[in-house]
Amino acid sequence: MGGKMKAIVKNENAFGATLKEIPIPSINENEVLIKVQAASICGTDVHIYNWDQWAQKRIKTPQVFGHEFSGIVAETGKHVTNVKTGDYVSAETHFVCGTCVPCLTGKHHVCTHTKILGVDTAGSFAEYVKVPARNVWKNPADMDPAVASVQEPLGNAVHTVLESSQLAGGSAAIIGCGPIGLMAVAVAKAAGASRIAAIDKNDYRLALAKKLGATITISADKEDPLEVIDTLTGGEGIDLVCEMSGHPAAIAQGLKMAANGGRFHMLSLPERPVTVDLTNDVVFKGLTVQGITGRKMFETWRQVSHLLESGLVDLTPVITHQLPLEDFEKGFDLMRKGQCGKVILIP
């Protein structure tokens, strides 16, 4: 295709990013070039923007980042048959090898050689982005581009919540009400949970959790989550605890509040080792602890589509800000302060 485009680039090994003009990516015979309509800011992007310890170890500058997006196919490689120019799409952002043991046994989401869009390859905070054709997901023509751009993080929430087979009529606790935690509240409601506790220190996000279906919100700064959960459940504990915060104290509390025989699903990424009481909080309780990474390909995407198209999940309350790409610094400031749900950048 050729030409130039605007993109947000992590240009230096320091805080912040730069809006630059760079070449439009060229594609190979199995790739697709997409004109980005909407790109949402993820917690991973904030790590990169802040240049924290994780980013310093993981990111090689210069790097175009961003990975949650929707757009229109602008060009296809000569071997691509599953999509065509003009198709309205989003994409699975974990690029897998297809040849390792996990891939060959259907566990693509834990591929040994995963590469991530906007982390290992040029990302979607740009006017154009390229992805492998096999990663492209076609969107309904009437889906709002902002909503279409957040299907990937909704997939994280869906994977976290729906791994439990015992949620209908049961109880769920969502610890950490960032955007994916908020989505998990909505998914738990759609899955039939009768009691949903949302736990955070941010009153703004707890209010959003209430709108999305939380039956009780717990401000961890103002009350003891374990005491509230004990009262709420009559001492029985929570059937499914979803840990989205990554804070060591919250992780330990989450294990304690889980019911005997319950489940503890962890999507969060603690920045340091966590000390927990495995004997009493896991072994003697018969607790199932499961790490969650990415989305099952493409089972989770089908679940996401069903939840959105059926109206069982409405992400309108989660999408709180839409800004032009040029105002990315304002978007990152909102994310860093926690005074937002999902922030969408429009190229």
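Along the chain as shown, the residues are counted starting at 1.
Placed from the backbone N, Cα and C atoms, the Cβ positions cover glycine too.
Of the listed candidates (Ile180, Ile216), Swiss-Prot assigns Ile180 to the same NAD(+) site as Asp200, Arg205, Leu267, Ser268, Leu269, Ile292, Thr293.
Cα separation, Arg205 (NAD(+) binding site) to His67 (Zn(2+) 1 binding site), rounded: 23 Å.
Following the DSSP three-state reduction, the secondary structure of Thr44 (active site, charge relay system) is helix. All chains included, 20 other C-beta atoms sit within 10 angstroms of the C-beta of Cys111 (Zn(2+) 2 binding site). Cβ neighbour density within 10 Å is lowest for Cys100 among the binding-site residues Cys100, Ile180.
For His67 (Zn(2+) 1 binding site), the count of additional Cβ atoms within 10 Å of its Cβ stands at 25 [all protein chains shown].
Within 10 Å of the C-beta of Leu269 (NAD(+) binding site) we count 11 further C-beta atoms, all protein chains included.
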